[in-house]
């Protein structure tokens, strides 16, 4: 007879701690924060993936702050507006006026990769590039917050009352591109973002192999199910770390022309097929392969593809059915009846598979309908895709249970598109928040908008539910504009250009970089020196002799207004 096993107390304690943590996670998930979130895994799965050392992250506090900010905007029909920040200077200036910060993958790719090798937005930079930029900015935010506290606590109450308080700790939302590979790559990327300070992350539904900037051509989508896997992987990692990082699901389905696979039935309605029966057995890929075997290349191969596509009569299956019904030898009333029946059975919310759609078509009298989605596949094996707002809506329906915001990338600032997308997604997910890219890739002056329309665009689409809106590359463009115009003027007019265009404008607009030593924290670190040395230091950076004393006063030059002429005064003092 086998001896009974006596469970050691250590094992019981271990299981007790595990079960307690499982209950805590479940209670967390049941909170208002996650009432719209669907998870295909359990709290036990999450706790099993955690270590025994509990950790906390500053980014989690920022994530909670971001969530509150966005939900407040959603309730008020307003929007958090921001733009891509390049560096600590920009992020501290933005803090005075905006309530969130964006970190753009495009800007990082062009200006700040971890290999220092710049390039276009193809997500081919090392995957720690954007997390490192987040850390760069998050450290700066925390530093300027500490610096401000030291400065304010050195003031009297009256001085503090007169001095505006700046909340430097504005939540950062970062560009996660496509997740940078498979599930484990996405998990590790999201871990980095949390550790480096991101309050939110967006992930898009393009193929990671062929990823393009949202406003480039040649975009290839992944299946709906694959992108859901990315979102689930991100959420799982956030859960494992115990953080409430805001997750944004982006879709590029409006302008995409290709899709990796036809494995997901939710994509079937938008895949194109050849409808010309004369091409039966003559796939585009085979035609191109034959051309290459014959020694053709470049323009010759492009001509083969162009000619093939010109005669293929590419259509979605639904378009093919509707055209076939219109050409049937039946009465107009019967045509209308069959078209209505087709539309009722094949509406986008039903997400019919192609097999199901063919069965319905056959019931409508279309037994020998020719439509082949394999014939037009590219040399890489991609299927042709009919990008549209409706395709983005269908993806929004699928992504919403796994994300906090949905973002539809567009090719122009179009109110009609925005309205259709918002109403479409919210018809199934009325509480979901939406995001919008106020892209500098749009030629806004060519959009047909008046200046008034441009001014009102943000609040107008905010009322539709777009509660987070951002100019991805405004930091980049602002940096380029200021540098180019100043360099040109400086080359022509020397120091007068600097004084007129930079120094005086900093003073006139109250920009705190005018006193750049103070901005960089010289006073703050003097406090360290003096604290270590008993309250006095002969080597304090801001002691007697620092040139920044010149900026504590302004002088009025006759006829020039209160612009300051300390430059002349400095020269006079130097000659004394």
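Every residue gets a Cβ built from N, Cα and C, even glycine.
Lifted from Swiss-Prot, the feature list:
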type     : residues                                                   : note
ACT_SITE : 213                                                        : active site, proton acceptor
BINDING  : 104, 105, 106, 214, 215, 250, 437, 438, 439, 440, 441, 472 : substrate binding site
BINDING  : 175                                                        : Mg(2+) binding site
- request: Would you kindly give the Cα-Cα distance separating residue 439 (substrate binding site) and residue 175 (Mg(2+) binding site), rounded to the nearest Å?
  value: 14
- prompt: Which residues in the same chain, at least 6 apart in sequence, have a Cβ under 8 Å from the Cβ of residue 104 (substrate binding site)?
  reply: 84, 175, 472, 473, 475, 476
Message: Using DSSP and collapsing to three states, where does residue 441 (substrate binding site) fall: helix, strand or coil?
response: coil
Statement: Most Cβ neighbours within 10 Å, among the binding-site residues 437, 439, 441, goes to 437
- line: Fewest neighbouring Cβ atoms within 10 Å among the binding-site residues 106, 175 goes to 106
Message: According to DSSP, collapsed to three classes, what secondary structure does residue 104 (substrate binding site) have?
response: coil
